[in-house]
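Per Swiss-Prot, the feature domain '4Fe-4S Mo/W bis-MGD-type' maps to 40-96. As annotated by Swiss-Prot, [4Fe-4S] cluster binding site applies to Cys47, Cys50, Cys54, Cys82, with the evidence given as sequence analysis. Annotated Mo-bis(molybdopterin guanine dinucleotide) binding site per Swiss-Prot: Lys84, Gln152, Asn177, Cys181, 214-221, Met422, Gln426, Asn532, Lys580, Asp607, 827-836, Asn911, Lys928, in sequence order. For Trp903, the entry in Swiss-Prot reads substrate binding site, with the evidence type sequence analysis.
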Amino acid sequence: MSMNRREFLKTTAAAAAASAVGISIPSEAKAAAENTQAGWQWDKAVCRFCGTGCGIMVAVKDDKIVAVKGDPESPVNRGINCIKGYFNAKIMYGADRLTQPLLRMNDKGEFDKNGKFRPVSWKRAFDEMEKQFKKYYNELGPTGVAVFGSGQYTIQEGYAAVKLVKAGWRSNNIDPNARHCMASAVVGFYQTFGIDEPAGCYDDIEITDTVFVWGANMAEMHPILWSRVSDAKLNNPDKYFIVNLSTYRNRCSNLADMEIIFRPNADLAIMNYLGREILKRNAVNWDFVKKHTIFATGHADIGYGMRNPNSPHVTDKERDTVAKQVAKVVTEEEAVALSPIGKWKAGDEMQMTHTAGKKPFWHWQISFDDFKKAVEPYTLDYVAKVAKGDPDESLDSFKRKLQKLADLYCDPNRKALSFWTMGFNQHVRGSWINELVYMVHLLLGKQSQPGSGAFSLTGQPSACGTAREVGTFAHRLPADMLVGNPKHRKITEKMWKIPEGTLNPKVGSHFLKIMRDIEDGKIKWAWVHVNNPWQNTANANHWIKAARTMDNFIVVNEAYPGVSARVADLILPVSMIYEKWGAYGNAERRTQHWRQQVTPPGEAMPDLWTIMEFSKRFKLKEVWKAHPQAKLPSVLDKAQAMGYDPEMTLFDVLFNRPEYRKNFPWPDPIAKNPQTGKLHANTEAGGDGRTIIGADGKEWKGYGFFVHKALWEEYRKFGLGHAHDLADFDTYHKVRGLRWPVVNGKETKWRFNAEYDPYARKYAKPGEKFAFYGPLLKALKRGDLKGPKTKQKYSLKNKAKIFWRPFMVHPEDPKYDTKGYNFWLCTGRVLEHWHSGTMTMRVPELYRAMPEALCYMNPKDAKELGLNRFDLVVVESRRGKVKARVETRGRNKPPRGLVYVPWFDEKVLINKVCLDATCPLSKETDYKKAAVKVYKA
């Protein structure tokens with residue numbers, strides 16, 4: 001059979017499409033498809049990108065991935081991918097892939113911070129890395145070093161990193177970029193339920209009849225989930241109702257039945273309006289509320305997570321905004337919102353007296369009458385006035401929408417499914433707004449039920465599975481345990497077989513504070529894993545300058561030369577997703593594993609290998625000694641009593657354990673491909689056929705045991721019996737993921753509901769359906785809206801909290817700006833690119849589809865400024881400025897007074913402009929709001 005390229009592409013595409021829908025395939029097309037796939041080895045894997053957790057199938061031939069398709073057996077995506085998903089393979093084959101360690105050196109071959117990058121051996125790289133680490137570790141102690149972790153870590157990578165940093169170095173200065181995306185959601189879960197992660201699952205999409213999308217452009221950021229929402233809507237167009245609530249019009253608006261454009265930060269006011277309406281309409285599910293909830297509130301004067309304005313690093317331009325960290329003038333609209341507290345009037349100066357330490361977290365139980373009093377000022381007239389976000393929409397129209405919103409939530413015959421992502425989480429009151437959406441659902445009793453619940457969507461592929469569940473945050477340990485809890489530290493030390501007292505009880509620096517600590521000279525050695533912090537952190541000019549000009553040493557694990565790699569002193573080339581074994585956990589608590597499919601290029605090695613190899617460089621006597629700076633005693637005597645010699649390395653104690661070698665040999669039957677029976681490679685366990693000279697100067701041949709399985713089986717023990725139960729390693733390689741807790745081989749779809757959750761059945765009272773069994777923060781003092789009144793704490797076992805939190809104005813609201821910064825700036829992602837674009841900008845098809853970041857602007861604003869479409873403009877804030885081209889007809893349509901600039905483009909490094917204010921509870925940065933000027937370049 002003879003066939004040209006065009007005919008071949010046509011027939012293979014037709015064959016694939018026909019097969020997908022069950023149509024018989026012409027023999028010629030079938031033969032063409034079979035010929036081209038000869039010798040391909042298929043295996044299941046997980047998408048590298050967002051937190052949806054789509055299953056994919058990858059095909060390998062001659063040690064290269066030659067095809068990717070959606071996994072038809074995946075219950076998440078059911079065989080389809082989004083545009084990024086189809087290019088999972090191409091991200092690995094960019095022309096400038098890093099394949100050798102690179103160290104800044106002078107002409108003499110010595111490390112020089114101002115030198116040029118030159119290739120070095122792995123041994124030379126680790127020698128310099130060790131030298132610099134020990135210099136600063138001995139100078140500053142455990143608090144002087146840090147690791148920037150990731151929500152894109154595999155679970156095993158994150159677990160190994162936590163062991164090295166917290167058990168090995170006795171530092172808690174490890175924090176993931178998930179701090180930027182999910183920390184507010186975590187605080188909302190902890191504060192409300194006492195345990196992290198969503199109660200529901202993706203099945204809710206098809207079961208519900210009402211979807212509320214709050215600050216979540218699902219059509220671009222979670223496109224596969226949006227396709228499921230779309231399908232459900234099209235199958236039941238008259239009943240299924242979608243509301244899109246956003247600060248600008250986006251692609252979700254196209255399908256939505258109603259769109260509400262609100263003023264940035266005013267979601268707080270809308271939630272309070274809903275709370276008031278639920279009471280006024282007698283829509284409270286009193287049986288649910290009385291049995292399963294209590295009411296609570298906390299302090300309002302908590303600041304905005306900014307630096308002290310007296311810091312020498314705060315510039316004159318920044319100071320007026322940063323001053324609000326200490327005190328602010330209460331506006332007239334805030335005076336109404338805060339009036340139930342009875343402390344502040346319009347024009348008063350609010351001193352931020354509850355900013356330090358745990359004070360922003362303090363909360364106490366209040367009565368229902370106090371709660372009712374608190375929401376009373378949030379009338380339709382008041383909220384419509386403060387919350388309307390589109391100047392061109394009439395007030396009456398906005399009011400009608402708010403009333404319809406309340407109708408939908410309060411309708412007893414409707415289910416209610418609320419989704420959100422960064423619009424809630426990246427928010428100066430992100431923890432509050434998370435608490436308030438639960439307030440609405442709990443009052444209605446529409447929580448933890450099929451089709452009804454408040455559902456936080458995750459942005460990254462393992463922000464849940466690794467960052468949160470493993471505990472790669474500065475304050476966490478595995479399975480929702482906390483470094484500040486003596487009982488939790490003791491459990492962890494026992495599990496890790498390390499001396500009692502090894503773990504540092506003091507919470508480490510969060511992601512943004514690590515940057516500030518580098519600028520302050522408090523941290524002088526930092527290691528970046530699986531993220532791009534010098535592009536993804538707000539107020540980037542400060543952090544880039546500090547990294548490049550101060551006395552410090554920055555190591556970056558990278559696959560491509562992005563912004564952070566170019567800022568670094570040492571770059572370590574690392575494997576990408578299908579060049580290593582791994583596991584991710586997605587937004588519905590589904591854990592999924594994959595096998596290594598291909599060999600990494602050049603000398604690139606897995607992140608896990610770099611962590612374990614670096615652990616060989618530390619003897620116990622160097623790290624488990626006394627650290628006066630951190631007030632940590634020596635645990636060497638206890639270590640010797642456990643049989644550990646001070647000359648042993650952290651590798652010996654943490655990773656190269658005898659039980660690992662005995663119980664998890666390599667090769668392992670689970671590593672055989674289900675289709676061909678061939679053994680998959682495992683770079684860490686047995687080498688991968690390359691001749692790699694390792695960190696010790698010897699040829700790398702593997703650890704000789706199944707590292708990933710050993711780490712998994714140890715890690716999963718943390719959650720067994722504690723409502724975080726995970727299945728064994730082999731099971732995950734036989735299924736398309738499981739939603740934890742996995743008890744007796746069965747996954748859990750809806751948590752806290754005794755009909756579906758074995759832990760809810762265990763803890764619920766006889767005859768009751770729900771038990772909110774999370775153990776954290778389940779004893780509170782009692783008081784009123786002004787503060788706690790009792791010294792005693794009262795148990796809230798198995799109950800959730802209904803919070804009241806007030807509306808407050810953002811610290812950089814253009815409405816109150818007197819310096820000419822008259823536009824809101826919002827930033828975020830786009831469909832075609834992932835985060836900082838380091839991977840996706842190297843895929844030709846994705847680059848062509850979206851080659852640069854644009855400044856999306858309302859046409860009326862553009863006309864007023866004398867701007868035409870695609871004109872080059874300057875977007876300037878108090879912190880910095882960038883140039884971008886104006887787009888007035890694009891997919892994102894801001895109201896007048898707001899511009900949207902995505903952050904995937906390092907040439908439009910918008911984080912130089914963004915404000916580094918955070919939610920004071922979660923420490924998550926508010927990337928969605930800053931005051932800017934826009935003018936022609």
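We number each residue from 1, going along the chain as drawn.
Heads up, the Cβ atoms here are built off N, Cα and C, so glycines get one too.
Small disclaimer: the values here were computed from a predicted structure and weren't measured.
Structure coloured by features recorded in Swiss-Prot.
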residue	record	DSSP class
Cys47	[4Fe-4S] cluster binding site	coil
Cys54	[4Fe-4S] cluster binding site	coil
Cys82	[4Fe-4S] cluster binding site	coil
Trp214	Mo-bis(molybdopterin guanine dinucleotide) binding site	strand
Met422	Mo-bis(molybdopterin guanine dinucleotide) binding site	helix
Asp607	Mo-bis(molybdopterin guanine dinucleotide) binding site	helix
Trp834	Mo-bis(molybdopterin guanine dinucleotide) binding site	coil
Trp903	substrate binding site	coil
Lys928	Mo-bis(molybdopterin guanine dinucleotide) binding site	coil
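Here the binding-site residues are Lys84, Lys928, and the one whose Cβ sees the fewest other Cβ atoms within 10 Å is Lys84.
Sequence-distant contacts (6 or more apart, same chain, Cβ under 8 Å) of Cys54 ([4Fe-4S] cluster binding site) comprise Val46, Cys47, Gly70, Asp71, Ser74, Val76, Asn77, Asn81, Cys82, Gly85, Ile224. Cys82 ([4Fe-4S] cluster binding site) counts 24 other C-beta atoms within 10 Å of its own C-beta, drawing on all protein chains shown. Within 8 Å of the centroid of the Cβ atoms of Cys47, Cys50, Cys54, Cys82, where the record puts [4Fe-4S] cluster, the same chain has further Cβ atoms from Phe49, Thr52, Gly53, Asn77, Asn81, Lys84, Gly85, Pro223, Ile224. The distance from the Cα of Met422 (Mo-bis(molybdopterin guanine dinucleotide) binding site) to the Cα of Cys50 ([4Fe-4S] cluster binding site) comes to 13 Å. For Met218 (Mo-bis(molybdopterin guanine dinucleotide) binding site) paired with Cys50 ([4Fe-4S] cluster binding site), the C-alpha to C-alpha distance reads 11 Å. Using a 10 Å Cβ-Cβ cutoff, Cys50 ([4Fe-4S] cluster binding site) registers 28 neighbours. For Trp903 (substrate binding site), the spatially nearest entry among the binding-site residues Asp607, Trp834, Lys928 is Trp834, judged by CA separation. Counting only same-chain residues six or more apart in sequence, the Cβ atoms lying under 8 angstroms from the Cβ of Val830 (Mo-bis(molybdopterin guanine dinucleotide) binding site) belong to Glu220, Met850, Pro902, Phe904. Close to Asp607 (Mo-bis(molybdopterin guanine dinucleotide) binding site) in the fold, though at least 6 residues off in sequence, lie Tyr153, Thr154, Glu157, His529, Val530, Asn557, Val574, Ser575, Lys580, each with a CB less than 8 Å from its CB. Note: Trp214 (Mo-bis(molybdopterin guanine dinucleotide) binding site) has non-local neighbours Leu245, Asp267, Ser418, Phe419, Trp420, Gly423, Phe424, Val437, i.e. same-chain residues 6+ apart with C-beta under 8 A of its own C-beta. Taking Cβ-Cβ distances under 8 Å and a sequence separation of 6 or more, the neighbours of Trp834 (Mo-bis(molybdopterin guanine dinucleotide) binding site) in its chain are Arg48, Phe49, Cys50, Lys84, Thr840, Phe904. Residue counts for the domain '4Fe-4S Mo/W bis-MGD-type' (40-96) by DSSP state, with H, G and I taken as helix and E and B as strand, are 7 helix, 20 strand, 30 coil.
When pLDDT values are averaged over the domain '4Fe-4S Mo/W bis-MGD-type' (40-96), the model yields 98.
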